[in-house]
Amino acid sequence: MNHLMSKQQNSTDFAAKNWQQQLAEAFSTIEDLCDFLNLSPEDLPASVIASKAFPLRVPLSFAACMEKGNPYDPLLRQVLPIEDELFAYPGFCDDPVGDLPATAQAGVIHKYYGRVLLINTGSCAINCRYCFRRNFPYADLQLSKQKQAAAIDYIKADTSISEVIFSGGDPLLLSDARLANLIEQLDGIAHVKRIRLHSRLPIVLPARITDEFIALLTQSSKQIIMVTHCNHANELSADTIRASHALKRHGVTLFNQAVLLSGVNDNAQILCNLSEALFAQGIIPYYLHLLDKATGTGHFEVSKTQALALMEDIRAQLPGYLVPKLVEECPGATSKQSVD
Ligand SMILES: *Cc1c(COP(=O)(O)O)cnc(C)c1O
Ligand code: SF4
């Protein structure tokens with residue numbers, strides 16, 4: 001009850017600000033975040049050293065979904081830099097998904113048949129501690145405005161490409177003008193049928209889903225798909241519901257991908273609640289990823305055996321369309337691999 005009330009109160013605090021302001025005011029230090037949550041950093045395994053390698057970044061709209069005073073909050077665990085990140089785990093490395101060798105040219109990753117990824121920006125609105133990109137030199141590879149023409153030519157020249165995926169970083173950090181321009185260019189390519197956006201913003205910074213943004217999507221002649229990234233039902237709020245409904249109402253197909261994370265969602269009930277809550281706001285649970293083994297993320301790992309047991313529990317409780325596919329990313333593979 002208290003939790004709900006504080007959430008509503010916070011929600012009115014930031015609701016008046018536009019998404020750019022909210023982004024600029026995101027928490028960037030352990031102290032400020034802990035203050036907001038009524039926690040003291042000494043009660044946590046928080047690590048300033050870990051935050052130097054990969055900074056803390058959390059929008060207020062996401063922090064407002066955390067339970068105040070709870071050091072084990074599953075949303076806090078996703079964003080708080082901790083000492084475990086500094087330990088070396090065997091088998092963990094800097095480019096676990098093989099994106100570097102799959103980079104066709106600046107900003108273009110062509111590793112899945114029929115689909116290309118455009119890396120439009122290296123940054124995100126939130127820094128997730130388990131991220132496979134945390135050690136990746138995206139700043140060097142991203143598609144600058146200047147290199148965009150070459151990327152469009154690459155897509156034009158390959159008629160096997162039927163889907164263009166805006167990835168990142170987070171593509172929704174681009175301005176509406178940049179996104180509109182990219183979509184307009186792709187509209188001119190007949191063999192591209194679908195444009196897909198992979199973004200965590202509809203969940204962590206739902207103010208990004210403005211009427212203007214939706215209008216630029218609906219102007220496209222292509223089918224538009226949004227793949228959100230939500231790991232726990234507590235990440236959803238009145239604001240994420242508003243954003244999802246607006247997208248859905250305008251014909252955007254919504255899927256979610258989650259990552260299976262120790263201490264966050266490695267529990268059948270939590271995963272069932274997630275599927276139910278997503279579907280209630282119009283999002284279909286699509287993928288449940290095994291962790292990509294990036295340096296600094298070993299403490300989030302859930303074993304394959306445990307993951308398969310969880311899937312069995314979920315299948316016993318939910319209709320098939322609410323059961324996500326358990327998958328893993330294997331370097332060099334031309335598609336995601338299902339785990340069974
Ligand atoms: C897996 C993956 C894709 C491709 O997704 P499919 O739905 O399997 O086509 C695109 N982008 C990222 C970042 C992915 O991890
Ligand atoms: S790429 Fe996705 S998982 Fe990684 S930090 Fe950005 S939002 Fe989080």
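Glycine is no exception: its Cβ is also placed from the backbone N, Cα and C atoms.
Residues annotated as [4Fe-4S] cluster binding site in TrEMBL: CYS124, CYS128, CYS131. Look at TrEMBL and you will find 110-322 tagged as domain 'Radical SAM core'. TrEMBL lists LYS336 with the feature N6-(pyridoxal phosphate)lysine.
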Rounded Cα-Cα span from LYS336 (N6-(pyridoxal phosphate)lysine) to CYS128 ([4Fe-4S] cluster binding site), Å: 21
Cα-Cα distance linking CYS131 ([4Fe-4S] cluster binding site) and the residue listed as 'N6-(pyridoxal phosphate)lysine', given in Å to the nearest integer: 17
Which same-chain residues, if any, lie at least 6 apart from CYS131 ([4Fe-4S] cluster binding site) yet have Cβ under 8 Å of it: CYS124, ALA294, THR297
All-chain count of other Cβ atoms within 10 Å of CYS124 ([4Fe-4S] cluster binding site): 21
Listed binding-site residues adjacent to ligand 1, that is, members of CYS124, CYS128, CYS131 whose C-beta is under 6 A away: none
Entries of CYS124, CYS128, CYS131, LYS336 (recorded positions) sitting next to ligand 2, with Cβ under 6 Å as the cut-off: CYS124, CYS128, CYS131
